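> Encoded as structure tokens, here's the structure I'll be asking about.
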Amino acid sequence: MELGLSWIFLLAILKGVQCEVQLVESGGGLVQPGRSLRLSCAASGFTFDDYAMHWVRQAPGKGLEWVSGISWNSGSIGYADSVKGRFTISRDNAKNSLYLQMNSLRAEDTALYYCAKD
């Protein structure tokens, strides 16, 4: 009986680790106004192409602001008015990755950028 409980406990731990959602952003930096940056987000722990994905940001001292979103198959894409025409969201389902190409950067784009799943 004691051995059986140990195995159940071990399986529960392994299942929890396997299902842990991880979203790891990269590509940020310090650039002059007018320049470009490309952000990447590597996803794991879930079936990436089952979900719409989003970029949100938080400027210093402010709340979260939605920046852009993309459907699972890239068929539907949306942007906040503040970035429309300058930012481009894309995804590569084969690589479980989300991207944000940011052009013509402005001082007001200074923020922490996060990717998020639906």
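Residue 1 is the first one shown; counting continues down the chain.
The backbone N, Cα and C atoms fix where each Cβ goes, glycine too.
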> Of the residues Cys19, Cys41, which one does Swiss-Prot pair with Cys115 through a disulfide?
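Matching partner in the record: Cys41.
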> Is the region 'Framework-2' (53-69) packed against any residues at least 6 beyond its ends, judged by a Cβ distance under 8 Å, and which are they?
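Contacts with the region 'Framework-2' (53-69): 39, 41, 43, 77-80, 82-83, 87, 89, 91, 98, 100, 108-118.
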> Test of understanding: give the count of other CB atoms lying within 10 angstroms of the CB of Cys41 (disulfide bond).
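Cys41 (disulfide bond) is surrounded by 23 other Cβ atoms within 10 Å.
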> Once the chains shown are all counted, how many other Cβ atoms turn up within 10 Å of the Cβ of Cys115 (disulfide bond)?
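Cβ-Cβ neighbours of Cys115 (disulfide bond) within 10 Å number 23.
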